[in-house]
Amino acid sequence: MHKTYFIADLHLSETRPNLTALFVDFMQHLAPDADAVYILGDLFDFWIGDDERSPLIDTVKNQIRTLVQQGVPCYFIHGNRDFLLGKRFAGDCGLRLLPEYQVIDLYGEPTLICHGDTLCTDDLHYQAFRRKVHRPWLQWLFRRLPLKVRLKIAQNIRTKSSRDKQNKSQAIMDVNPEFTRRIFERFQVKRLIHGHTHRQNIHQIPPHFERIVLGDWGETASILEVTPQDIRFRQ
């Protein structure tokens, strides 16, 4: 049976081996039967450059490489935690990098996919930070810092982000409905799949739009399975 899987917000790190185990289980037991696998950002808890090496990174590369060698394409859209993941990493394992917005033909239904952070336009502080860290010259400079320095910077940013979230309302950290509606119209689609907010759900939006939100990974995995006949979340 034809099926495509979508995952996001795994936040893999050396400190949470249970998440890596869930990812390996997915890649070895579910993914090989798919037509394609789409990773919609935040595969890693943070990413400081393609020159970093670790057992976790090797494991992820090996799993993606094996899946691709089995004939299942694996696509990736950058998240807010791993936006520096680049062509070197992708080339090592056969991962296909996509732009921040991508329309795909999902069994006859044009479907827009993205990470989702760009939809949260009410979070003005985050959007300003996002614009700053996506400046090419700043990324060029960051990549040339020593690994230890980059790691320290990333850890500080992550700590500050966690602290800032405690002072933000849930509404601010969710998608802006009007902006999201304009995105539907801009790309001329009726279905949108994204992650980032960690609020797993399937929203039906009048008159005919569908917004599917991927969940984050914790005690269990959040996996969206799409077939020509059905859409469902698997755990």
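Here, residue 1 is simply the first one shown, and the rest follow in order.
Using the three backbone atoms N, Cα and C, a Cβ is placed for every residue, glycine included.
Site annotation (Swiss-Prot, ligand Mn(2+) 2) includes N80, H115, H196; from D33, D35, D42, D45, the additional listed residue is D42.
Just one of H194, H198, H203 is listed by Swiss-Prot for the same Mn(2+) 1 site as D9, H11, D42, and that one is H198. Candidate binding-site residues: N80, S161. Fewest other C-beta atoms within 10 angstroms, S161. Of the recorded residues, R81 (substrate binding site) and D42 (Mn(2+) 1 binding site) place their C-alpha atoms 5 Å from one another.
Nearest neighbour of D42 (Mn(2+) 1 binding site) by Cα distance, taken over the binding-site residues D123, S161, H196: H196. Here D9 (Mn(2+) 1 binding site) is compared against the binding-site residues N80, D123, H196, and the shortest C-alpha distance is to H196. H196 (Mn(2+) 2 binding site) sits 11 Å from H11 (Mn(2+) 1 binding site), taking the CA atoms of both as reference points. Recorded residues S161 (substrate binding site) and H115 (Mn(2+) 2 binding site) have their alpha carbons 18 Å apart, per Cα-Cα distance.
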